[in-house]
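Pulled from Swiss-Prot, these are the features on record:
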type    : residues                      : note
BINDING : CYS29, CYS207, HIS232, GLU236 : Zn(2+) binding site
BINDING : LYS266                        : ATP binding site
MOTIF   : 31-41                         : motif ''HIGH' region'
MOTIF   : 263-267                       : motif ''KMSKS' region'
Amino acid sequence: MTLRIYDTAARQLRDFEPIREGHASIYLCGATVQSIPHIGHVRSGVAFDILRNWLEAKGLDVAFVRNVTDIDDKILTKAAENDRPWWEWAATHERAFNWAYDQLGVTPPSIEPRATGHVPQMIEYMQRIIDNGHGYAADGNVYAQPATIDNYGFLSGQKLDEMDQGESAGTGKRDPRDFTMWKAAKPGEPAWDTPWGRGRPGWHIECSAMATTYLGSEFDIHCGGLDLQFPHHENEAAQATAAGDGFARYWMHNGWVTMSGEKMSKSLGNVLSIPNVLKLVRPVELRYYLGSAHYRSMLEYSEAALGEAAAGYRRIEKFLVRAIEYVTGETAVDPQALPVGEMPAQFAEKMDDDLAVPQSLAVIHDVVREGNKLLDAKPTDEAKQQVKEIAGQVRAMAAVLGVDPLSEAWLESTKAAAGGSDVAMGALDVLVKAELERRAEARAAKDWATADEVRDRLAEAGIEVTDTADGAKWSLKG
């Protein structure tokens with residue numbers, strides 16, 4: 001089946017047809033590194049990591065570019081307020097974003113260009129726009145002229161006369177609708193030499209130049225948060241048109257993380273930093289939560305919703321841990337016991353439908369429930385093979401979403417949830433099995449009080465006992 005994605009520009013689902021067969025080129029607007037990241041910032045990283053994973057699962061080679069905006073009005077303001085050099089402020093928060101992406105298991109991009117490293121490319125791009133009659137320099141600033149650019153407004157659907165670029169009038173602007181590509185130097189601010197005088201980049205020219213530098217004049221998909229649709233992405237596309245580039249063939253935008261119906265943002269003061277949220281759940285559980293809603297939907301944050309998502313992930317994790325013990329007879333968490341298998345056709349069908357993750361997760365949990373029923377039966381060779389096949393399907397599906405509990409990224413977390421180190425787990429297994437033997441003897445003698453006492457004591461210690469056809473099994477709660 002062909003992947004269909006919602007193209008913001010077309011306002012409809014479109015079949016994904018890459019420019020080059022077997023290859024996908026993607027540009028994601030990355031972080032403006034002005035502050036530590038909150039969960040709203042990293043949702044796009046998770047959402048489009050899932051896109052990348054799915055394209056790769058379908059056999060495509062993916063070139064994935066995610067930029068860093070390391071020079072910006074907000075960065076300069078924050079650095080000045082904190083009496084820090086702008087470059088140090090930007091570098092500190094770039095590291096914080098990369099830490100957050102790593103914590104959430106987001107695959108590193110093919111390349112992560114910084115704006116400050118691409119000023120020559122921006123200068124060349126602006127010169128092309130000026131030469132083509134769509135831009136001009138005035139008092140050290142360089143402006144683009146939307147009124148002269150074909151199809152301006154195609155992405156946001158706004159009319160030119162009604163647009164607000166969110167800029168001041170600007171020195172030398174010929175038309176208030178023009179937007180800034182390059183800002184003239186100001187005292188105390190970083191500046192670079194250009195044919196029009198010293199200055200620094202505007203926000204929009206950075207991405208147009210970096211995207212085409214690495215992906216060419218035309219590429220497959222441009223991604224980013226819904227809040228970037230206008231003016232940023234509209235102006236990126238306009239600059240590309242003005243320069244003579246085809247630019248992105250598909251535009252994808254993810255919804256916001258909201259609190260009480262409002263977008264999570266520093267200005268509203270309703271942010272939840274990644275370190276603070278990770279005090280409530282494990283990194284993989286936060287990733288599961290951020291990826292669990294459809295990428296175009298708003299994701300309303302609450303601790304209850306976060307907890308429900310974490311519980312959903314743990315059901316998958318617990319099934320795989322139990323499946324390993326069922327197949328091997330050992331409690332050690334060994335991923336090789338359950339090789340990654342084939343994905344069910346129903347899962348692929350849901351993912352091909354504009355990355356319908358909620359429905360895809362429903363498929364995973366249906367398969368987990370099927371597997372759990374088998375785990376309650378006596379472990380015959382035939383039953384073990386069935387469990388391996390089902391577990392392999394679960395792993396394959398979870399891997400696409402970046403939440404396979406037995407993957408290298410999450411294996412240590414899974415081992416810890418299953419009881420810590422192999423040595424500690426082995427010791428605990430001996431002790432618990434001794435208690436379970438005492439309980440079995442009590443049950444055989446119809447000493448129900450003692451049997452219940454053993455079970456209750458184990459429960460108080462965080463150990464859950466499940467009676468199966470092959471005897472009592474135990475696992476750690478939560």
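Even glycines carry a Cβ here, placed using N, Cα and C.
Known features from Swiss-Prot, placed on the structure.
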{"residue": "CYS29", "record": "Zn(2+) binding site", "DSSP (3 states)": "coil"}
{"residue": "CYS207", "record": "Zn(2+) binding site", "DSSP (3 states)": "helix"}
{"residue": "HIS232", "record": "Zn(2+) binding site", "DSSP (3 states)": "helix"}
Within-chain partners of the motif ''HIGH' region' (31-41) [C-beta distance under 8 Å, separation at least 6 from its ends]: 68-70, 72, 74-75, 78, 89-91, 93-94, 96-97, 100, 256-257, 263-266, 271-275, 277, 286, 290, 301
Neighbourhood of CYS29 (Zn(2+) binding site) by C-beta distance under 8 A, where only residues 6 or more apart in the same chain count: SER44, ARG66, ASN67, CYS207, HIS222, CYS223, GLY224, GLY225, LEU228, HIS232, HIS233
CB-centroid shell, 8 A cutoff, Zn(2+) site CYS29, CYS207, HIS232, GLU236, site residues removed: TRP203, HIS204, GLU206, SER208, ALA211, HIS222, GLY224, LEU228, HIS233, ASN235
For GLU236 (Zn(2+) binding site): intrachain residues, at least 6 apart, with Cβ closer than 8 Å: HIS204, CYS207, SER208, ALA211, HIS222, PHE247
Mean of pLDDT values spanning the motif ''HIGH' region' (31-41): 93
All-chain count of other Cβ atoms within 10 Å of CYS207 (Zn(2+) binding site): 30
Cβ neighbour count within 10 Å of HIS232 (Zn(2+) binding site): 18
